[in-house]
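K.L.:
So Swiss-Prot has the following annotated:
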ACT_SITE  213  active site
ACT_SITE  245  active site, O-(3'-phospho-DNA)-tyrosine intermediate
DOMAIN    1-72  domain 'Core-binding (CB)'
DOMAIN    92-248  domain 'Tyr recombinase'
């Protein structure tokens, strides 16, 4: 079925970002169901989306349904299949923050810069402004640490083995900044645009730099870090703003 993805995309008028997102979702779908498209394989595919947000789930189902209709029109499929993409809304007086399945953040992508920005927020809790100021000299990939200097002092952060390959690829360039624009950092808006394009490509358009930072907090809390330790990792003067995460 993978062979039909490009002809399907060519039949639609899609912006480049949307086309990348469609391609990612459809390759994921084809890898899961293989050549057998039937009610059973589609049900298993739907079940695999259960951990996603409602918006991401609806987007993936809509994309796959369009693809299934295309395959039926092209007589690749003898029967027309359509998955129910209606997502029941759930309401709560108090929004509940939960840890997300972030495996898609580490998958192969065409949006490499946006991916690295997302991972730096997700794994280290950095803000876009802090990321903009990162220099290659701040990293010691051999010792797997980042030394981030600010007016409040130096924060030493451990780089995970999962993050390391993404940094090693970026460090191959001979430049001053991790994200370098003629030996100067890019604008803050550039970082938000790169992050947005990547998040859209993996079906997580509803996420933001702030929500990824919240994931970092939740993950550190789940790992047993105290509120004081997380505040120090984030470079905060006080842990007051973190109290809501520890009262959950």
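Including glycine, each Cβ sits where the backbone N, Cα and C put it.
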K.L.:
Given a separation of at least six residues and a C-beta threshold under 8 Å, show me what packs close to residue 245 (active site, O-(3'-phospho-DNA)-tyrosine intermediate) in the same chain.
P.N.:
97, 214, 217, 218, 221
K.L.:
So how many other Cβ atoms are close to residue 213 (active site), meaning within 10 Å of its Cβ?
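P.N.:
That number is 18.
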K.L.:
Need the DSSP three-state call for residue 245 (active site, O-(3'-phospho-DNA)-tyrosine intermediate) to compare against my parser.
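P.N.:
In three-state terms, residue 245 (active site, O-(3'-phospho-DNA)-tyrosine intermediate) counts as helix.
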K.L.:
Summarise the domain 'Core-binding (CB)' (1-72) by DSSP state, stating how many residues are helix, strand and coil.
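P.N.:
Split into helix, strand and coil, the domain 'Core-binding (CB)' (1-72) gives 56 helix, 0 strand, 16 coil.
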K.L.:
Under a three-state reading of DSSP, tell me whether residue 213 (active site) is helix, strand or coil.
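P.N.:
Residue 213 (active site) sits in a helix per DSSP.
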